[in-house]
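S.K.: Sharing a structure, written as structure tokens. Questions coming.
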């Protein structure tokens, strides 16, 4: 039918066009059938399907397989190839890598090949990666990316054809450029441009000559004169009249042919036309337009004075060429005709339009540049994020953290455990004893006397003696070296200072600048402040050094040129060269406040007496008098006399008292003219003596006062305090007399409590009424009514009577005023307040003393022990017998007819289970426990906290309850126990099943956790295996009576050396005292 219809249609229309396809009537969409799944009629498709290729399978596929080699081009050949290898090694294991080099020059060409191999799972890559997948990942991740600012291309190169073709192209390009570079250097004759192209001047002028000349020109090819290199011979500046350019001088960047190409790559981001060069420098030429000038300005702003290899590009900008103005001005100047007003207006408006256009171009170029930079920054940031996410390895990061921590700990251990002990051992004074003796340095461990060493930081001894700081024993045993004694040097510029500043107060505290001793070691820094002296002695030494005038801080007039002149009279024994143990070494400065200063320690005086005879024998002089109580400096200089008879004997202390002030004044006046040569020195000396007479009276009184103490107590204890002087006693008497007599009632001498309360005071309404309180001290009833509501007590007298009656019933002595308390429970704090005692740990043994139930059990146990002691029976046997009799009586009472019927019924059920199951008896008992649980309850225990009690009689060997909790491992149990202790949970219920399993019933479990410990328990815990799992079940160890507490032995390990053992509170006769 269809064919007939087509023929008839053709005959009617007389049209040879083919009929339309009905399947294309609706655009090829057929709604009446799903052509994708049913194929009675197919959809018309003009092109075949693009089928997805089959995945390569090495077992079934043929051919070489997917490519595993890639070629990388575009990276900088000057960078280390290891960086490029490290980047591509992150995608898989590299089997082979090759950085292509030039076969002739050996230089790298900037492209390389990487062949990947199949990798096995490792620590860094837990998933295996095939070589084809690694190559695919490398192309997908690195194609078009940057490696150190250079964009690279990554492509497949399965057989190495691409890399070989690239190498051949590089070689061919080198062969083509080599003859061109060498051709200009071959000819040695004159340059071609100097040779005339026509015939010589002597040639004939006829037409033949012309024809012959033309034939010669055509036959001989003369090359066009062009520059032999990139560097132009003619100046370039003559061709840049209007073009904007940037000039870089040759003094900043040397002119070389190879530099132009590098400069073009350096400035490739700027739209320049060309870079030309001559002998003067480089010319970066831009387009003669507003856009070109904008690019020139941008290039100048960005690249001026930047690094170019090892040079600095110093640029000079020329926006309008060498003329320095716009090109349209030059074009308008060439026109000679006069302009019409309209033309003149147009010409005048043209610069403004050009300026506006150039400004718009500059703004557009600036916006484009900002957008481009922003896009590049964002792309770089995203690339950096991807690289960080790709290269992030938690194992490496953890390794770095651990290494840093180990380094810190190692440095800390070396500093504290190795360096510090070694330094302390090296600086130990014992190791430098010989060197100190050789250099005459003091012994740091020797008992230093505070008044002797007045300043440790001076570079000289206190009285300029040779060995005043050396060991006293060494000074006694060493040979006397007279030449080693120091010479008293003059004070530099002493007279100049006197003339400059006028009169100098000899008693002023002008301490000279102290310099460090050359032989000062650092061991004194390591010495403790408390070594060799107490805190009081350190304070006294500090105050003494601060308030007194030390020998080195005295005026230099006493040891100046006057002493230098008299030095020769005594040969090398100067009058001021005394030993450190003589009286001169203890001379203190003359100050107005010496009456209030501390006296010499009695220990120093004892040392003076002990060393007196030895010093006389050592120095060969006789010391007449030794002032024991602050002798003056002048007396100490006069006391050294030539040796006489009996000089080696020790004189009595009483004969060494200081003479009267008049005698000293006379001697000083006689001796002063002989010593003084200048009038100014004499005046200073007289003024000093006048002040000394006032101080000598104070010294005499103190010496007489302490004379008895010196003779009776030769070696007093260091803790004894010096007696007060007469002046101080008189002042104290005057103060006592001056105190006014005050009324004891108004101004009591002792502190009295503001509100005295009786010893039996208790806070109550009646007690408040008994206190002597004023109207302001009584409670404000109006304010109390506002804060609290009114209570309904009906009859007030009845309410008071009922309250007193309750107190009488609760009290032990039947008194309503005695508070209800437990004896021994409330223990007062030593300071009266627990907060004032600080934070301290309370031991378990101390905590158990304050438990009320334990106090009750303790009293019962003491009474029972006392009773057992009277009967002379063993306490353990007596307690066991009593428990057995009580259990038998209770069991006899409990065996009623109902219990016997229940037992028979349970026995019958048990026999049935044994016959059907044939299991162990423990399992049957456990099943019995599931059927009928023993009625138990928990309540306050007399042993500890809560306890579990039996609500009925329980026979022996009967199962009571299962210990239920959370099953955890041993390590988790230890962590939880520490966590419970830190969080304040005092009781943790952990029951061990075996070495690896623990039942934790602290937060999840049954009431079996409340069973307390006892040294004589009535229950026992067994571990049985039910259906493949271990269970903890509590059995009755003996017959248990109703309302009796259930206990079993915790069986803790013994800790005999522990300082905080857990006390046992069971109170039985066989109590061991501790759980652990």
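Every residue gets a Cβ built from N, Cα and C, even glycine.
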S.K.: Using Swiss-Prot as the reference, determine which range in 137-173, 174-210, 211-247 is annotated region 'Disordered'.
M.R.: 174-210
S.K.: Swiss-Prot tags one of 900-905, 906-911, 912-917, 918-923 as motif 'RxxxRR motif' - which one?
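M.R.: So the range that Swiss-Prot calls motif 'RxxxRR motif' is 900-905.
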S.K.: Give me the mean pLDDT over the motif 'RxxxRR motif' (900-905), rounded to a whole number.
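M.R.: On average, pLDDT over the motif 'RxxxRR motif' (900-905) sits at 73.
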S.K.: Taking 10 A as the limit, how many CB atoms besides its own sit near the CB of residue 1050 (S-adenosyl-L-methionine binding site)?
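M.R.: Excluding its own Cβ, the number within 10 Å is 16.
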S.K.: Within the domain 'SET' (934-1051), count helix residues (DSSP H, G, I), strand residues (E, B) and coil residues, in that order.
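M.R.: Breakdown, helix to coil: 18 helix, 54 strand, 46 coil.
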S.K.: Per DSSP, how many helix, strand and coil residues does the domain 'Post-SET' (1060-1076) have?
M.R.: 0 helix, 2 strand, 15 coil
